[in-house]
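Heads up: the structure comes next, in structure tokens.
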């Protein structure tokens, strides 16, 4: 695997440019189909997050691959994964707060 020559994907929704139809956009479609699409979309996002985390932490922690991880690299990987999860959770919480404040602002304007 080359270092930083890979996908060039640094974020986004993780759908590689292919927009899966959202369940909300299906209107009166079958509820089972809507649920299936939601689950598959979540799986795809999770896989993309794992890919991003793996790429980021590999770049940061793996100086020279060997037959096994040394304690420094292992500690680095653990810290990297934990910070990646913390950061992802922070961003999600922040987006939710922003969305809630926009909704509250819109509701106050319509009153």
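Just so you know, glycine gets a Cβ as well, placed from its N, Cα and C.
Please treat TrEMBL annotations as automatic predictions, because they have not gone through curation.
Per TrEMBL, the features are as follows:
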COMPBIAS  1-15  compositional bias 'Gly residues'
DOMAIN    36-97  domain 'Tim10-like'
REGION    1-31  region 'Disordered'
In the domain 'Tim10-like' (36-97), how many residues does DSSP call helix, how many strand, and how many coil? 53 helix, 0 strand, 9 coil
Averaged across the domain 'Tim10-like' (36-97), what pLDDT does the model get? Just tell me the whole number, please. 91
